[in-house]
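> One structure coming up, written as structure tokens, with questions to follow.
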Amino acid sequence: MSAVTTPQPTAGERAAGFARTLVSPRGAVFLLLIVLLVAITVLNPSFAEPSQFIRFVQRVAPVAIVAIGQYFVIVGGEFDLSMGSVVTAQVVIAGNLIGQDESKSIPVLLFMLAFGAFIGLVNGLIVTLLKVPSFIATLGMMLALLGATLYWTGGAATGNPADGFREIGRGGIRDLPVIEILPWSVVVLVVVLLLAVWFARRPFGRTIIALGDNPTTVRYSGARSWWVKTSTFMISSLSATVAGVLLVGYAGVHPSVGRGYEFTAITAVVLGGVVLGGGRGWVVAAAAGAFALEALFTLLNFAGVPSTYRDAVQGAIIILAVAYAATTVRARRKGRALEAPAPEISPTPSSEPASQTSPAPAEEQDAAASARPAPIPSTQRADNETKGGS
Amino acid sequence: MSAATATSVRRGRRRRLDSSLIVGIALVGVIIIGAILVASVGRNFFSAGNIRDILTGMSVLGFVAIGQTLVILCASLDLSVPYVISLSSLIAADLMAGNPANIPIAVLAVLVVSALIGLANGLIVTKLKVNGFIATLGTGLIIKGYLDTNYKGTSGEVPWEFQLIGATGIGPVPVSTLIMLVVALAGAFFLARTRTGNHMFAVGGDEQVARLSGIRTARPVIIAHVLCSITAALAGLLLASRLGVGSPTVGVQGGYDLLSIAAVVLGGTLLMGGRGSIWGTIGGVAIFAVVDNVMSVMQVNPFLKDVVRGVVIVAAVAVYTSRSLDRRRPRFGTGAAEPDRPDDRSAPPPAAAREKEASA
């Protein structure tokens, strides 16, 4: 209901894909989102009013944008743990450099984008040229960037950017008929999501997915894998920058504003059915994962669950969601790979390899199929699994 | 690209260094630089007090990193350790309640609870096929929810007898560090000499090959997770003994999840599993401790410390990775089969080969 009437960008596309994806594990996140939204509406009917709902979308926008950025990194087979620090750094930069001088807004905004791209470039080059695992490279960037930001401000972030700049995060187009106000954050989210969907469908976007699926074949097919991988880190840092611009308006300047964003983003992406280790997943599902996560928090709020239990419920939900997707996907893939007529075999732990323990994509994805050591992929599988994706 | 690879192959042939040895060299380098820096501000790096500070700084992270090594060897991760640490410090302090007679039962309870958490982690990873990253992130959040709901602040009281563990030392060596080294020794023995330990290398190296070789692949992973939670609980006990109370935030404040993973990787263990050693990890922990100590002595701004830490992690791993990629290639003859392999996850070598080399 409300999910369908959402002024989401890809409304038509989503409606068309809905029936197709809901039955698959990849669509589980949409099913989860609908269930959560219905549950919230039952507890609090006013939530379904358009003006209330658009506020919800506005609140989710930064998280969803960060999740979209993280999607490209994860689907390319890596992690970006530095996103939270990038968000904090950008918020502090906006607060300190713009100050009350509204004329500085545009130059500083450009500087922030350049800074975000630069951070992503550094991350990417450390991963691709120095061959440091992305987990470690971005962990180092997370520590260094947050430390540098706090050092710069002396630990207590001060200063607010001019109201004109904050308007991006908290203002909107007012006096609209049904929804009263169309927040700029929602517009930005829609634009980012459209861009992401378009980008993921481009050959370059497909190369990212291929890179996550099997780096060897991508290299043999002549792609500049170092540049493709570096660009994913630049995308994620840029998305963290955009989220920072929205957050500085919505939440103000605070040194802990970006704390935990990297894990929230990874959780949302994984909730969206994107496989850690890369090669599999849909960017819209990743954004839907962010919506599902926030809807979950909203539901717990309305249900009167103490806020301290939020984390516990979040933990349980992500384990269950990933377990559901993992076991179902594996069952299907096993059937397909072996060309067996019964694709619905549920996995029996004793006879199956525990494939999900490894973040390595090649091992994970071929586990059920065969034991061949050479990582030449089965093209058929790649096509089937990433088709709807992007 | 291929030219660079060719030179690296040659370099790899010329010098084949054991991974623990490289970490040791890095550690010596860090110590020399640190000693010079400390001397430049007129202090003695090798004074008994300073050595005790460094060794004390090693102990907590050391415990966590030992367990984390086992989990990472199995190609999994454990992000729940900070919450296990906090929970164990609270359980210990609450059960002891200032009475020395309660120490054994409190320690036992902590170990049992942590083992159960590790068992849950292991079962979720192996039976539900959830990626270790997500599984332990989830269980960590569940424990965090429990902690936040039931504890508003520090709680319990640790009797003086138990606090002695964190406070006393033999010469400049604190007892806590000795216990940590004994645990490390046990861990190294476990990996090198027991069947399950060897299976961990095999499963982490290549799970399918391990399974086809007749190994029950789930069991080593579960045991690694159980042991990791237990060592995290030991770290929690140690922190409780130092603080005198249990604290619900002590684990998160230390950032032990990411720092322990960084220490393990710094110690030469592959994040993708199947290769690594406990002693390398201890070396990684020691590098952290020395860097932290030097920065404290030089009174570096606490925020700048994080910057230095981040740079050290990346730089050290960058130096190490180029080495470890070289080191593997000679196994494959001329390397003609895979002439250029920037991402070594794409073609894991046979588990048995890695197992032999890694445990050597």
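A Cβ is built for glycine as well, from the same backbone N, Cα and C atoms used for every other residue.
Remember, TrEMBL labels are computer predictions, not curated facts.
Okay, so TrEMBL annotates it like this:
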- A:347-357: compositional bias 'Polar residues' (COMPBIAS)
- A:358-373: compositional bias 'Low complexity' (COMPBIAS)
- A:338-390: region 'Disordered' (REGION)
- A:27-44: transmembrane segment (TRANSMEM)
- A:56-75: transmembrane segment (TRANSMEM)
- A:106-129: transmembrane segment (TRANSMEM)
- A:135-157: transmembrane segment (TRANSMEM)
- A:178-200: transmembrane segment (TRANSMEM)
- A:233-253: transmembrane segment (TRANSMEM)
- A:265-292: transmembrane segment (TRANSMEM)
- A:312-329: transmembrane segment (TRANSMEM)
> Would you call the transmembrane segment (A:265-292) and the transmembrane segment (A:178-200) in contact, using three or more Cβ pairs under 8 Å, pairs 6 or more apart in sequence?
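The transmembrane segment (A:178-200) and the transmembrane segment (A:265-292): touching, yes.
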> Have the transmembrane segment (A:178-200) and the transmembrane segment (A:106-129) got at least three CB pairs under 8 Å, pairs 6 or more apart in sequence?
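Per Cβ check, the transmembrane segment (A:178-200) does not touch the transmembrane segment (A:106-129).
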> Taking the transmembrane segment (A:135-157) as reference, which of A:27-44, A:56-75, A:106-129, A:233-253 has the most Cβ pairs under 8 angstroms?
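Ranking A:27-44, A:56-75, A:106-129, A:233-253 by Cβ pairs under 8 Å to the transmembrane segment (A:135-157) puts A:106-129 first.
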> Using a Cβ distance cut-off of under 8 Å, indicate which of A:27-44, A:56-75, A:233-253 has the most pairs with the transmembrane segment (A:106-129).
A:233-253
